[in-house]
Structures are given as C-alpha cells and as structure tokens.
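K.L.:
Can you keep this structure in mind? I'll have questions shortly.
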Amino acid sequence: MDHFQIRDGVMHAEDVNLAALAKQVGTPFYCYSSATMERHFTVFRDAVAGLGDGNPLVAFAVKANPNLAVLATLARLGAGADVVSGGELARALAAGMPASRIVFSGVGKTRAELAAGVEAGILQFNVESEAEIDMLAEVAAAKGATVEIAIRINPAVDPKTHGKISTGGADAKFGIPWERLPAAFAQAAAHPNLRPVGLAAHIGSQLTKLEPVEDAIRKLGDLARQLEAAGHQIKRIDVGGGLGVPYRRDQAPPPSPADYAAMVARATEGWPWRLMFEPGRMIVGNAGVLVSEVILTKEGASKHFIVVDAAMNDLLRPSLYNAWHDILAVHPKTARTRATVVGPICETGDTFAEDREMEDVAAGDLVAFMTAGAYGATMASTYNSRPLVPEVMVKGAEWAIVSQRNQPAAMLALDAKAPWL
Ligand code: LLP
C-alpha cells in the first residue's frame, strides 16, 4: 500500500499535488511519502516483534535510500541501520540512529571505516572474511576497544532472483563458506579485542520466494547450536533483508511482511537469540516516485518513442537490471498507446520501458516512475554532466526539499585544469 493516489484528476503524494509540486521544484525530481515509509516500517517491525528473544532489531539497509530525512523518519520509529561504508555510518549517526542500533556490513571495509565504527561504538560488525577478522582485531586493539562481531556466512543457497542482486550462491563474494565457520569463530575468539557473538546471512534482494531464505535461516540455527556446543556464546542472529516489493500493478505481489514473519517464526522456533533484520527495499521502495516531464515524442522506423527528461543516470535500475517500473501519467489519460520510453542520454541502454502498453502521454505531460524509493536516487550519477535531481519529502500537506539539485556550475567547479593546461 502506498500514498500515491489520483485525486481530482491528478496524482498526489499524500495531500500534495504532484503537478503543482513539479512547478515549484522543476523536473525530474524524486518524491517520498513519509506516511508510506512509516507504515511499511511499522508493519514490518510489528510482524517480527515477538520473534527470537522477543527483542528483535530492525536495522534499515541504508543503501536502499540514504537520504537524511528518510533515515531520520525511520530513526524516530526505533529503526536501527545496516551500513556498508563510512559514508553510510556518518549518515545514520547524523540522522539520530543510536550506535547501539547500528550494524556494519560489507565485504571490503577499509581500516579507516572499521576504525570509524569502533570509535562510534556500534552494536556489531558483520565480518565477511578471515582476513577481515584479523584486520578488525588490529584496528580495535589500536583503539583499546573490544568489539562484538557476527560472522556472515555464505549459506550456498540459490535465492532465485536476478543474478546481479543475488548474494547467497556458493560462488558469491559475500560471507565465509558456512563449512569454515567453526574455524573462523575460533580465529576470532582468539583475539582479545574481538567478541564473536553472532551469525549473519543475506542471500539476495527482491526475493519473491521464501523457501531459500528459510533454508539459510535454518542453516544459521544449526551453526549457532554447533558453535554453542563448541563453547562459544551466541547472542544474535542477523537474517539479512531481501524481501521483494510489488513493482507491477498487473502482477501478483511477492510475499507480504506477514508471510515473511510467519516463515521466520517457523524457522526460528525456540531460538533464544536476538534476531536482527536488514530490510531496505520493502521499507522505502513503494514510498518513492520519480517525476519526469515528457520532452517530446518521436516516431522511429517502427517504434513510438516517448523521450522524458529523466534518464538512466537518475534511475539506473531499468538499464542495469532490466527492472520494471510502472510509468503512470500524473494526469491520468484514457487513451492508450504502445511506446518505448527513453531518456536523453546518448546510449541505447537509456531505456525505461520497451514497447510498453501505457497511457498516451505527449510533450509537456508529467509521468511518475513508481516504486522508485529504493535504489533510485542513491544509484544516480552525473553521467552526461547531468545534475543530480532533487529529493522531496512529503508529510500530509507539507513538503520539503530534502536533497538539493546540484547545479552544473557547482559540478564544474569540482574540476580543475591540470597545471600544464
Ligand atoms: N543487507 C545486506 C547485507 C545487503 O547487501 C542488502 C542489499 C540488504 C541488507 C538490503 O536488501 P533489500 O531488503 O533492500 O533487498 N541495487 C539493487 C539492489 C541491491 C541490493 C544489495 N544489497 C536494485 O536496485 O535492485
């Protein structure tokens, strides 16, 4: 459920008219609905509330949408943060997420990033390799700190999602192969500055099947018991994120948070450990749209092209993953057409929709790319020297620009001619 609805013939974000907003901020722009993300977070939090030791941590995967206002909205509801870089850590802290609710994931954290996490006093590092165990021990020792870690396992399950966002297969770069966990735990336990207290797994994103997640969770439980039998004290199990969201109004939705929670309840029955979750997309995906204006339409040899002012640099998912985003007219049209929707960038990959049956929009019309709240603005680039677009947050009838459009002149000012030029 989201709060982008047609009212009086025009799409609104909550109580804000998107056409009026476009006049004020210019296109393209991202627009987020705080009510939608609040609702998604609360639904998820409540669905998993009683699981594990009864005090689960829902750590929002910051990578999905690191905007400060988004993080602050979630922080107020008690969300923690799953961060994967020093930049994300700084954002989570700046947004008011307490260090005690921050977990640091990632396959290649640098010494400086590890040090920043140690200094902040975060809850847990999810360590992904034997080499990182030693690195973190060194960094913690240098700071005279003792840190709690979970080891991310590679559960060797096939998450049955798009190859580029699958992370759980045996040959993925993530985690330590689960067979090596006892040795890795012993290695960590031998360092006086490390306290290995947990296990973690994340098998992939936009998951539409729960069975692979269940397999991974059961593997985590088996391993935790095995490690406890070997004398380790397990406190927390992090089952990652990954739950898919509906991208297409004409297709059956993926499992709901309630379905997901029921599966986790089954797989973790009788667990004494604290559970951690790292949802990203399901919290913010449907809480954002990208609003764009049709620049012109043109006829190819056989195709009808709709050229919009947003491009692959603003919303990369269609060109990178062939991802589908519904494209709806901000002023709904009854006439339909079959069109290829493209941006202005000089490559064929700058295509949002291929020969799609959709509303017959024309030059000057506004369209909304739906479900663009996750992995949208955060994956934007300035390719073709296009400025990053603004992000707007709506709450009821109020709105605020929560990230500025960077101006071409400011972008140019970051460059310099080399001294010999
Ligand atoms: N935890 C870890 C360790 C992750 O690597 C990820 C996502 C998440 C949690 C959050 O997963 P989510 O709940 O959002 O599915 N750019 C891609 C998605 C990449 C996901 C990477 N990892 C896309 O646009 O589809």
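Glycine residues also receive a Cβ, built from the backbone N, Cα and C atoms like all the rest.
OK, TrEMBL features for this one:
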- Cys346: active site, proton donor (ACT_SITE)
- Gly242, Glu278, Pro279, Gly280, Arg281, Tyr375: pyridoxal 5'-phosphate binding site (BINDING)
- Arg281, Arg317, Tyr321, Glu347, Tyr375: substrate binding site (BINDING)
- 29-373: domain 'Orn/DAP/Arg decarboxylase 2 C-terminal' (DOMAIN)
- 37-284: domain 'Orn/DAP/Arg decarboxylase 2 N-terminal' (DOMAIN)
- Lys63: N6-(pyridoxal phosphate)lysine (MOD_RES)
K.L.:
When the Cα of Tyr375 (pyridoxal 5'-phosphate binding site) is compared with the Cα of each of the recorded positions Arg317, Tyr321, Cys346, Glu347, which one is closest?
P.N.:
Arg317
K.L.:
In Å, rounded, how far does the Cα of Gly280 (pyridoxal 5'-phosphate binding site) sit from the Cα of Lys63 (N6-(pyridoxal phosphate)lysine)?
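P.N.:
One finds 7 Å between the Cα atoms of these residues.
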K.L.:
Given a separation of at least six residues and a C-beta threshold under 8 Å, show me what packs close to Gly242 (pyridoxal 5'-phosphate binding site) in the same chain.
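P.N.:
Within the chain, Gly242 (pyridoxal 5'-phosphate binding site) has Cβ neighbours under 8 Å at Pro159, Thr161, His202, Ile203, Gly204, Ser205, Gln206, Leu207, Val213, Pro279, Arg281.
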K.L.:
Quick check: which same-chain residues outside Gly242, Glu278, Pro279, Gly280, Arg281, Tyr375 lie with their CB within 8 A of the centre of the pyridoxal 5'-phosphate site CB atoms?
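P.N.:
So the additional residues around the site are Ala61, Lys63, Ala64, Ser205, Gly241, Leu243, Met282, Ile283, Ala374.
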K.L.:
Looking at the binding-site residues Tyr321, Tyr375, which one has the fewest other Cβ atoms within 10 Å of its own Cβ?
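P.N.:
Minimum Cβ neighbour count within 10 Å, taken over the binding-site residues Tyr321, Tyr375, occurs at Tyr321.
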K.L.:
Please check each of the recorded positions Arg317, Cys346, Tyr375 and report the ones with a CB atom less than 6 Å from an atom of ligand 1, ordered along the sequence.
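P.N.:
Close enough to ligand 1 are Arg317, Tyr375.
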K.L.:
The record names Arg281, Arg317, Tyr321, Glu347, Tyr375 as the residues that bind substrate; what is their largest Cα to Cα distance in Å?
P.N.:
28
K.L.:
Around the C-beta of the residue listed as 'active site, proton donor', how many further C-beta atoms are within 10 angstroms, looking at every protein chain?
P.N.:
9
K.L.:
For the C-alpha pair, I'd like the distance in angstrom between Arg317 (substrate binding site) and Cys346 (active site, proton donor), rounded off.
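P.N.:
Answer for this pair: 17 Å between alpha carbons.
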K.L.:
Can you check which residues sit near Lys63 (N6-(pyridoxal phosphate)lysine), meaning Cβ under 8 Å from its Cβ, same chain, 6 or more apart in sequence, and list them in order?
P.N.:
Asp82, Val84, Glu88, Gly280, Tyr375, Thr378
K.L.:
Looking at the binding-site residues Pro279, Gly280, which one has the fewest other Cβ atoms within 10 Å of its own Cβ?
P.N.:
Gly280
K.L.:
Fewest other C-beta atoms within 10 angstroms of its own C-beta: which of the binding-site residues Arg281, Arg317 fits that?
P.N.:
Arg317
K.L.:
Take the C-alpha atoms of Cys346 (active site, proton donor) and Tyr321 (substrate binding site) and report the distance between them in angstrom, rounded.
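P.N.:
One finds 19 Å between the Cα atoms of these residues.
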